[in-house]
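Quick look at what TrEMBL lists:
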type    : residues                : note
BINDING : 122, 185, 217, 248, 391 : UTP binding site
BINDING : 218                     : substrate binding site
């Protein structure tokens, strides 16, 4: 009986192997057809993109089920995640400028503003007094360069979706004291969920073909940065570390204490990779967490967790921290690992349904997942203020309000706010798109003493409204609520109909 079981298992794994080989062969045939449609000036980079995709597809076919063995997950050792206070307490050396001159700031700029109803790159959405995410980033670095008389460059990782629009806008910074470089992440083909073959028939990605291609997540930074030649150029200029973050995280400013810790480590041994983590709140239960796994620090994302353990993964008591995606990485280490093809990141399978109803999947990787490939990695538990992402108009309301003040491109929490946490804000679907959101506020309310705001339905706010405590405003279907100018709402629930007309 055992023998026949073993035989059938061997048979089924052989059978699976045959299927895998057939799928890889069919994929190669299709990719070759696509490559054959490229113009001579596109062949080189299309070839690199498709080679990279083939590797990812090969790994996708090899891996089955969640990629972590739950039994091997351990809490990270005490010293592998340092408290920020301890790093700050070391102070700064006199020669901080020479340390700064070894730094490059990299912003992940591949995303579109579609989730907020905007066309074009997300980085060009206005965040504060007409300033966009990109404006604020340039102002921060310019302020740094002027204050310390340094030359910290800004590098933008664009995608084929954002490259043209971003390059047009960069001309406006030509006189600023920041060198700005860009490189493009790869362009990979989306594949049909049923056949596992590309839906693209040729290389073009405009018009009806836009849906055939995708940028494969920010884990692509290592290969595309290296392939662009920019990595080597920056190393030749004497740069040693990059500070990478999402362009929509307004808290991700250059931190001199962390930089000093990297360049002048207390034990003399430099870290190749530092991940800023911060304490989870109830809002962050899905964030990736740092664990100890096979004697290495490892980022574990919710998608990798076996279903039976998802609740445990989400528990705030067992996994207290999550990844902010603010990362400090040694350039020489990226080069070394990239040349050895030794950067190992788990594959994220992202299912999408296209406008016509076709189900596709896109294979992606995440930049932080590479932490286990680097030597001497470290987590730093930073204050929550370094994680201020703007993913929705609810987030936008917070950063536009008087909860924050803006200084040299950096947002800081107002000293008048009595609690260190931000209010919980939930705006309903009438506010999802930026232009609808802006239309519904004549001015941004005073929110210094707000704890919680929920707004649902057709609601508008007049000028100079104050919100305090817990405020819930619900206009049922067909109703409309206009909060009058100058109103003060403190611990109030407003529902039904409220219209005040000028006469």
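Yeah, the Cβs are placed from backbone N, Cα and C, and that goes for glycine too.
Note: TrEMBL annotation is automatic and uncurated.
As a whole number, the greatest separation of Cα atoms within the UTP-binding residue list 122, 185, 217, 248, 391 is 21 Å. Nearest in space to residue 218 (substrate binding site), taking C-alpha to C-alpha distance over the binding-site residues 122, 185, 248, 391, is 185. Packing around residue 185 (UTP binding site) is summarised by its Cβ count: 28 other Cβ atoms lie within 10 angstroms of its Cβ, all protein chains included. Listed binding-site residues: 218, 391. The one with the lowest count of other Cβ atoms within 10 Å of its Cβ is 391. The Cβ of residue 248 (UTP binding site) has 22 other Cβ atoms within 10 Å, all protein chains considered. Over all protein chains present, the Cβ of residue 122 (UTP binding site) has 24 other Cβ atoms lying within 10 Å.
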